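**Q** Sharing the features that TrEMBL gives for it:
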DOMAIN    37-286  domain 'G-protein coupled receptors family 1 profile'
TRANSMEM  19-44  transmembrane segment
TRANSMEM  64-84  transmembrane segment
TRANSMEM  96-116  transmembrane segment
TRANSMEM  136-153  transmembrane segment
TRANSMEM  193-217  transmembrane segment
TRANSMEM  238-257  transmembrane segment
TRANSMEM  269-288  transmembrane segment
Amino acid sequence: NHTAGSGFILLGFSDHSSLQGLCFTVFLAIYLMVLTGNGLIALITMVDSSLHSPMYFFLRNFSILEICYTSVTLPKMLLGFLMADGRISFLGCATQLYFLVLLGSIECLLLAAMAYDRYVAICEPLHYTLTMSRGLCIRLVMGSWVVVVPVQIGQTYQVFTLPFCASHDLHHFFCDVPPLLELSCADTFWNQVVLYTIILVFAILPFSFIILSYINIIRAILKIPSVLGRHKAFSTCSSHLGVVTLFYGSATVVYLKRRSRDSGNIDKYLALFYTIVTPMFNPLIYSLRNKEVRIALKRLLWK
């Protein structure tokens, strides 16, 4: 009764058994949109010389990260719809959890780096080229990986060394820390402490940095004398703000609200926003709101 050798069962959206075919079709379409949209963003920012700036360097890394992030959960969910089988092995669940929390933490840090880039561009434009050098951009991206990888290895190990008792049914469509802790028959106090500490360091602090950056950005924009200048400055930030709102809005509710027995279904639907909806809308937000990306995309399609 105290092993998880047989793995877990991802219940996902099994309560809508009559809609499994429709769900498969919808989520397959979403996955293809994520792959195509973010892949195009990554491609045009790589091949188009006019987009070889720090802003688009971060956008390229963010788009690649979004493809990886959705690929951690969506293929398994699609297979579950297709085979009507939500079983996942113990090792498979641990692997999925590790890459989910790893990529999610890196995404938070990358969003903060993108906010810093916009802050320097608008508040210190004369020092932008010197400050946002290629070396700094690479260090910010690589540093995110170096810092997060060992921390998330430790958290994953801590979660999967717990004893899991009785039911192994996860009321979710992927393996996540809170629902896994609910299945453990051991005291999970220190696991909760570690979880909230990691959320503080890799989510709340970057979000606070983003907020402070935009407070200074808004102050700088309001000082611009021309309406056209203010509009142009704000338009370079609006896409990033949209992605931050989608990602943090849903993730904050899921991880920081008090969990209850009845919150499982709500958490599932909210999780769709930061794991699937945000990656799907990311290329739409940046292509529709960004004139340079639209022009580069037209050039690529023309070629």
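Using the three backbone atoms N, Cα and C, a Cβ is placed for every residue, glycine included.
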**Q** Quick check: do the transmembrane segment (19-44) and the transmembrane segment (269-288) share at least 3 Cβ pairs under 8 Å, counting only pairs 6+ apart in sequence?
**A** yes
**Q** In terms of Cβ proximity under 8 Å, which residues at least six beyond the ends of the transmembrane segment (136-153) contact it?
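**A** Distant contacts of the transmembrane segment (136-153): 54, 57-58, 61, 98, 101-102, 105-106, 109-110, 113, 116-117, 198, 202.
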